[in-house]
Amino acid sequence: MEKEVFDGLVMKSTGSWYEVRSSSGDHIRCTVRGKLRLKGVKSTNPIAVGDRVSYALEDEIGVITAVHDRKNYIIRKSSNLSRESHILAANLDQAFLVVTPEFPKTPLEFIDRFLVTSEAYRIPTSIILNKIDLFDGELKELADYYRSIYEHAGYEVIETSAKKNIGIDYIKEKIKNKITVFSGNSGVGKSTLINCIDSNVKLKTGSISLYHLKGKHTTTFYEMVEVAFGGFIIDTPGIKGFGLVDINQNDLSHYFPDIFKFANGCKFDNCTHVHEPGCSVIKAAEKGYIGETRYNSYLSILADSEEKYRNPF
Ligand SMILES: Nc1nc2c(ncn2[C@@H]2O[C@H](COP(=O)(O)OP(=O)(O)OP(=O)(O)O)[C@@H](O)[C@H]2O)c(=O)[nH]1
Ligand SMILES: [Zn+2]
């Protein structure tokens, strides 16, 4: 007799077993047997947090039989030397990048690099300007400066104070029934914020060591947590952006929507918008239509990718 197959959502992955949430909310420990064929992805882990899977039950244990098509995923190279990649999470509805203009200062270029990766992965991203309670008086200008840069670039900027309970209801509304990744530098208040959203949520990330021929190397697995009012949160402590995306120099401007919208006026199709004559991006930057800091980050990331191109190892 054919075994009954259920649909579930992967909440946790350790690389060897998975925690899958059933449609009724139970958590089932699952394994994978044999090889799961996945289209187009060469990765060390076939299943990641956020994956929707089919599984069959054998006694109390689930066996994952299929991974459903992903709408997106974030991936990291297993190591610098490796061609294999590790999928960190899949099917993300949105990312919240938590930043503070001071205490501690989140560098603008860090924000821009994060946004490049989230654009590349097609994950809608909002910027959360946290600790807004600290930015009154003279410091208000600084918060306004951050806000205006990213609103002008087309991103939603949400001001919050985890301490004074500002903006929290709005965040809750946005999280409801979605998979949301929280990211941001250490100390910006991610944990405090998440604790305000749902005080029962205790986020963890597990580090599991994998031994490769080239020596020890640590891989981080993400874990998803369900919030009481519906929805799932993934916390990504300390990571820089979503990790590596290989971006072709000609494609970089695609990931700056505020820059890319001017690119179709450029004289040359392969314009890098750095020095070319007849470049409408340069013109737009000079006229202030493109934010100065955004354009500078574009140049800086482009220079990095040129460097990598010349010295791939
Ligand atoms: N004034 C003020 N302080 C805050 C706010 N949110 C968080 N903090 C404080 O900022 C410090 C860092 O907060 P955490 O929540 O630990 O920061 P985190 O981003 O989770 O840091 P990591 O765990 O290192 O990634 C703590 O002392 C918090 O009390 C806020 O809205 N206003
Ligand atoms: Zn151009």
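Each residue, glycine too, has its Cβ placed from N, Cα and C.
As written in TrEMBL, here are the features:
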type	residues	note
DOMAIN	81-242	domain 'CP-type G'
DOMAIN	90-240	domain 'EngC GTPase'
BINDING	Asn130, Lys131, Ile132, Asp133, Gly184, Asn185, Ser186, Gly187, Val188, Gly189, Lys190, Ser191, Thr192	GTP binding site
BINDING	Cys266, Cys271, His273, Cys279	Zn(2+) binding site
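Only Ser186, in sequence order, out of the binding-site residues Ser186, Cys266, Cys271 have a CB under 6 Å from ligand 1.
Of the residues the record lists as binding GTP, namely Asn130, Lys131, Ile132, Asp133, Gly184, Asn185, Ser186, Gly187, Val188, Gly189, Lys190, Ser191, Thr192, the two whose Cα atoms sit farthest apart are 19 Å from each other. Residues distinguished by a CB atom under 6 angstroms from ligand 2 are absent from the binding-site residues Asn130, Ile132, Gly184, Ser186, Val188.
Ser186 (GTP binding site) sits 39 Å from Cys279 (Zn(2+) binding site), taking the Cα positions as reference.
Checked against His273 (Zn(2+) binding site) by C-alpha proximity, the binding-site residues Asn130, Ile132, Thr192 yield Asn130 as the nearest. Cβ atoms within 8 Å of the centroid of the Cβ atoms of Cys266, Cys271, His273, Cys279 (the Zn(2+) site) belong to the same-chain residues Ala263, Lys267, Phe268, Thr272, Val274, Glu276, Gly278, Ser280, Val281, Ile282, site residues excluded. If you take the Cα of Thr192 (GTP binding site) and the Cα of Cys271 (Zn(2+) binding site), they are about 44 angstrom apart, rounded to a whole number.
The average pLDDT for the domain 'CP-type G' (81-242) in the predicted structure is 85. If you take the C-beta of Asn130 (GTP binding site) and look for same-chain residues 6 or more apart in sequence within under 8 angstroms, you find Val98, Val99, Thr100, Thr160, Ser161, Ala162, Val188, Gly189, Leu193. Considering only the binding-site residues Ile132, Gly184, Lys190, Cys266 (Zn(2+) binding site) has Gly184 as its nearest partner by CA-CA distance. When the C-alpha distances from Cys271 (Zn(2+) binding site) to the binding-site residues Ile132, Gly184, Lys190 are tabulated, the minimum falls on Gly184.
Cβ neighbour count for Gly184 (GTP binding site) (all protein chains, 10 Å cutoff from its Cβ): 26. Cβ contacts within 10 Å of Ser186 (GTP binding site), excluding its own Cβ and spanning all protein chains shown: 9. Less than 8 angstroms from the CB of Ile132 (GTP binding site) sit Ala143, Glu159, Thr160, Ser161, Lys164, Ile166, Gly167, each of them six or more residues away in the same chain. Counting in whole angstrom, Lys190 (GTP binding site) lies 40 from Cys279 (Zn(2+) binding site) by their C-alpha atoms.
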